[in-house]
Amino acid sequence: MRLDNVPEEAEGSRTQTSLCCRVLKSLLLCTGEIKQLDVYMEGKLFGLQLVVWGLRGVAGVILANNPLSGVLILASVFWTSPWQALLGTLGTLISTLTAIIMGQDRADVTRGEHGINGMLVALMMGAYSSAGDWYWWLLLPVCMGSVACVFFHSGLSSFLDGCGVPASVFPFNIVTVLYLLCTGPNNPYYPHYRVAPPWETEPNGTGLAAVEVTHGIILGVGQIYTCGDLGPSLLILGAVLLYSPLLTFHALLGSAIGTLAGLSVAVHHDFLYTGLSGFNGALGCMVIGGLNFTFSWKTHLYAVATAFLSAYVDIALSNLLGTIGLPALSWAATLTSTLMLLQNGNLAKYRVPADQVMSPEHNLQSWSQREAKNASESVNAVV
């Protein structure tokens, strides 16, 4: 090797390393909440700001406050059904605009809090409608339901904020149940499928397919957006991964726990294969596992317990509400995680205030910094 080539090779290696570092920094800028985007959007056109808030609402359904995650999730819903994507977009925008007109807290609006419930109501109305896709009359209840969600959110927040817990998706669950009760399965304008309780289905007649069960764990995450296909569900997982790897881990863990809970009480195999037995467990595990509590081995076990409890409550509510033709929706995860957030004791010190909730990694970093600061102050006080 000629010695005069060594500086050139070293320079090329440094250039390549510098390029990799720049690419890595660019990718890291797209993770978490992307707070720098909010700073950039200040003073921009209202329409552009509304798009960002709406995308945060789309991603907020799965607890990922990231507009780029919202883009990926909206693409996955469009992949499953363009009609569902249209309904979800409309619901998100209507609820966000209603919150602005009503003068709701700006921080909640910019975080997409109100868009979450509007998105879910629209998706569920479309999923349970038996009129088929592109039934334009359905846009009316979608708009009305999205507006109603803001009223329920405002009223519930004034009560629940005093307890230190968020209104979460209580409005979505309430509005969807009211809509299905008001219309009924045979409504001439807004017909919907009748939901049968799990115990009415035929008993399991074949052996369990391990591959299908594994797919069901992934589909349990996709079912949060009514996506029952593997490809869109993987894209949704990718969107959550962009926001937080730790949250993605808890999503899959919670869905697996929900599937295990379903197996333990012999639910019909279709519920396992389609992910319906796993999505409440996924939601419950994500809420506790690093999002509303700082991640530690204690809160991790707490998240596992929440996932099991959410899954069993979902099975019970499915049997109960199915007798009157209603779905269990996400009542199980919502009620269980709210109950867990009200717990006190040793775990209370790990609780993240509702207005300070960020990605699990950021919460963990903030916790470590606070602990280091408190330790330093204690040492100084002793000295």
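Cβ from N, Cα, C; glycine included.
Curation does not apply to TrEMBL; its annotations are automatic.
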Region 'Disordered' per TrEMBL sits at which of 195-215, 342-362, 363-383?
363-383
Out of 58-76, 324-342, let me know the one TrEMBL marks transmembrane segment.
324-342
Contact call for the transmembrane segment (324-342) against the transmembrane segment (234-265), three or more Cβ pairs under 8 Å:
no
Quick test of the contact rule: Cβ under 8 Å, at least six residues beyond the ends. What residues does that give for the transmembrane segment (271-293)?
62-63, 198, 208-209, 212-213, 215-224, 228, 233, 244, 246-247, 249-259, 261-263, 299-300, 302-304, 306-311, 313-315, 328, 330, 332-334, 336-337, 340-341, 347, 350-352, 354, 357, 359-361, 363-364
